[in-house]
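Here is what Swiss-Prot records for this protein:
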ACT_SITE  151  active site, proton acceptor
BINDING   34, 35, 36, 37, 38, 39, 40, 41, 42, 57  ATP binding site
COILED    458-651  coiled coil
COILED    754-877  coiled coil
COMPBIAS  350-370  compositional bias 'Low complexity'
COMPBIAS  375-388  compositional bias 'Basic and acidic residues'
COMPBIAS  577-586  compositional bias 'Basic and acidic residues'
COMPBIAS  921-930  compositional bias 'Low complexity'
COMPBIAS  949-967  compositional bias 'Polar residues'
COMPBIAS  974-1001  compositional bias 'Polar residues'
DOMAIN    28-281  domain 'Protein kinase'
REGION    324-431  region 'Disordered'
REGION    567-586  region 'Disordered'
REGION    911-1001  region 'Disordered'
């Protein structure tokens, strides 16, 4: 439930379902207050419909801290609704009326602490074992459901009529385990609860510690340190050794059980399930041990109440017949008897008030109205007897089955009319009838004393309540700060993750954009290569066509010139017949035409070879250029990815530094807050201790003042006592004198009687004078002795109190010093753990970066290797195809960039890598420059002239043909391919084996 909701608000459906909407005043009748504490009051009542007896715990949630009270009520109701076990109090429902919650539960006879108060002695070991066994079963059930009681003690362990043990008072319980709140009753608190805010969380083993203290309480009537101030007890528990059983009469099983429950370190302490297997609770014992104990306690309660009743009746009768003087005497006697019966509890003084803050209804003080003034002795006696019945029954009780149908008015309405001679038997029967309406194990004096203690010790109880409230508030502040810092840390981490994700998305988009750009560039380049190849072919074909036309024109001119020369030669030779001349001329023409035809055919063949060779060269060069472009694009992509990964790693390192700085700042903030809260807590503890010291000194001074004021009355009483003794002595002496006189008168003659009487008179006077002197001396000695004794006693009490308060103050200082040292050690440990955690995170981050860099390097190497292998396969396939077509790799690579640029103006853009070799780090080796286009080829035909020249031209052409033959090309290509393959293999292998990051810039 949120703390901001209004107290008593039922708008939340989950909260509204916890409470019944009926009017509790109509459902329950005969409400009688039987106890109250800081939470409110406890009543027993009857269910109007079933006449069942129930206990109603009224808790107000108005006034100061109403929200906190309301949350405590809601928490307790939720807790009670969740539990259902034979060893836990039965929950019947909760109602709301006028800002008060009515928590309805079953009745029980009383608590284990009531047994100690009634019998005034410890319980037997088998009785302690039976009570402990039942409590352990209830605790095991709670702990199995991750619930913690946090206030186990004898006052919260209730007993029913059949001897069933039940756990009660879940106002301090925790629904979650582990917990870290400062709750419970000081003397029963486990060390880890006291140090909850300083050292961390605790679990159900705190109930095991409290159970061990409860065992000591049942064995020694009081828990350890009960004679100490509650705050001092807290400091003592937190830093000193665990308590043990003092007496040697207990068995080893019991001692070992208590020692195991009171292990200082929670990890060494057994769980409730493990304790159920302990021999102490498993030892055989009578099944009726608790029933017998309850019956003995009920009988003792009845006798004690009857004794009180008879004393009060006697006082009233004596007051009526003997007057005030006798009343005073009887009061003194009764006080002496009362001190003898209840002095053990009263000697605790104000130190006993703390446990009553959170105890259950069975062990809480009851509120009984004071007796009204009576007009006569009879009415006063009737009122006392009637009210006494209520007081003696003011406890958490269980109705006997055979007594369910009792009258509506259980109190007696008639009394004997004559108080001087009452029928004693009938009066006792009336008293027993009132008592037997409800069974109880609590005496009226216990209820009255708890009322007085609750009223007297409100200041100390409020101090402890304020201290608990402060500790809870500090815990809430620390938790609020931790939640705030955790939210800030989560927000910061989310922002960093978002920034990293944004950067990765941007990098992914940039990389995708780059890949698309590269794809478009490659597609564009492929189209450009296809167009350039087409233009290149057209250019060569145009040049060859022009060359062919020029060649044909040249042949025509040469043919005409040759024809004219032949005609001139024939004209010069007149001796040759004309027919023979015509035949020789025709033959020469035919030979020349045949030669020209061969020359034309050779030219066409060479042009065709040249075209095929140059196209093949162009394709190979374009393939190498495309490979270089692919390498450049892959290089750019890998460099881009490397840059992005470096930027991502730099951001991760920056984010790590930012998170580290924030974590250290948060830890410093928490530790600073913790130090401030510890300082404030220590100041409050010191202030409380000083106030407690002043209050104890003030109470002692008040006591001494009362003793001094009452000293004259005491001295008067002593003087009267001495005077009475003197009077008795005088009477004795007078009787002795008379007896002696009579004896002497009988034994002496009458003539001597006068002298004897005179002598006896003088002797009597002398002895009375001596007795008077002794009386004065006794009075003076008594006065001086009493005054001196009072001063010495008061001085001794002052010294004892000062020593006790000084010890408690030193204990507080030691406790606070220990807390400071533990806090400093905890802070150093937290800083060291944070440094280790940050260092480990940094190491993991660096390892992750290194792994990513290695993965990126492997990916880079694999990309390069696969690219080079693919390009090598493409070159090898191209060269194999070239060899099949009859082209040598060396010839294909023998084209100069000058000839290439001169013959094809548009080809200058492709000559940026003249050698066609690799880039700065990797690529394809390429042969020498290609031959120029459009120039006469080496070994080509000479211009037409003499036939010898023709023969030479043919021979040189044949040599050219041999050199460019498929066999030569194949041999050259195979050699070049082998060298190229070796170079490529060596380059890739060296790059992969080195494993180093290759630079592309």
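We count from 1, first residue shown onward.
Note that Cβ sites are derived from N, Cα and C of the backbone, with glycine treated the same way.
Here the features listed in Swiss-Prot are placed on the structure.
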residue : record                       : Cβ within 10 Å
34      : ATP binding site             : 30
40      : ATP binding site             : 19
42      : ATP binding site             : 28
151     : active site, proton acceptor : 27
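If you take the Cα of residue 40 (ATP binding site) and the Cα of residue 151 (active site, proton acceptor), they are about 18 angstrom apart, rounded to a whole number.
A straight line from the CA of residue 42 (ATP binding site) to the CA of the residue listed as 'active site, proton acceptor' spans 18 Å. Under the three-state DSSP scheme, residue 34 (ATP binding site) falls in the strand class.
With respect to their backbone Cα atoms, the residue listed as 'active site, proton acceptor' and residue 34 (ATP binding site) stand 21 Å from each other.
DSSP assigns residue 151 (active site, proton acceptor) to coil in the three-state reduction, placing it in neither a helix nor a strand. Per DSSP, the region 'Disordered' (567-586) is made up of 15 helix, 0 strand, 5 coil.
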